[in-house]
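Below is one structure, written out as structure tokens, with a few remarks after it.
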Amino acid sequence: MFITFEGGEGCGKSTHAKMLKDYFELFQKEVVLTKEPGGFKNNLRKILLDNDQSLEALSEIFLFAADRVEHVEKIIKPALSAGKIVISDRYIDSTIAYQLGGRGLPEDMVRYINWISSRGLLPDITFLLDIKIEEGLQRTVERGVMNRFEKEIMAFHERVKEKYMDIASKNPQRIKVIDTYRSIDEVQREIRGFLKI
Ligand code: TYD
């Protein structure tokens, strides 16, 4: 099973991905918890998130794509082939939300690059954690140094959120929108409810 978590800045994806891994492990399931960018250790994550780096939107999408090829080929596919559950914090829907929605790159191109970089591998289920933009950004401020995306203007984050909601409404079978305006335990319970163990 291949599960992904998606959402805007500070939505709590990493916390829920980790909690879900712990839950599966209670049932003796083998789980690989991974993330993008940087699921397969390389310097691309640093380049992509570095505040001092100015990147053209086109260079940015190519670097995310390269990072994903490495991730899919070296981490995700081998784990799935070995019968493990893979949980990834961000995957193809981030590219749609951020590079298509946020940056405004052409749709056909973004979808094609996503198709190539993911080798056509779609998640079985995706949890899109919904949070108010201001609240999420506030959390990232509290965490400390903000990355290149967290520092983007409000309109950028609004476009990202709008695109996320758009793809969720078009893929209701795969993408489950999870309301996070509740306790962490309630949110996690809803997530687990979608999974058969
Ligand atoms: P990260 O520090 O991993 O933070 P988060 O906790 O928000 O996941 O930052 C990853 C950033 O990269 C995030 O702002 C979204 C962005 N991103 C894209 O723009 N396109 C992509 O395809 C991916 C995978 C991530």
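In case you wondered, yes, glycine gets a Cβ from its N, Cα and C as well.
No curator has checked TrEMBL annotations; they are predicted automatically.
According to TrEMBL, the feature domain 'Thymidylate kinase-like' maps to 5-191. This prediction places the mean pLDDT of the domain 'Thymidylate kinase-like' (5-191) at 96.
Taking a C-beta cut-off of under 8 Å and a sequence gap of six or more, GLY10 (ATP binding site) has these contacts in its own chain: ILE131, GLU135, GLY136, LEU137, GLN138, ARG139, THR140, ARG143. Look at TrEMBL and you will find GLY7, GLY8, GLU9, GLY10, CYS11, GLY12, LYS13, SER14 tagged as ATP binding site.
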Discussion item. Return the count of C-beta atoms lying within 10 angstroms of the C-beta of SER14 (ATP binding site), excluding that atom itself.
Written reply: 13
Worksheet item: Across all chains shown, how many C-beta atoms besides its own are within 10 angstroms of the C-beta of GLY12 (ATP binding site)?
Response: 19
Fill in: Neighbourhood of ligand 1 - binding-site residues from GLY7, GLY8, GLY10, CYS11, GLY12 with Cβ under 6 Å
none
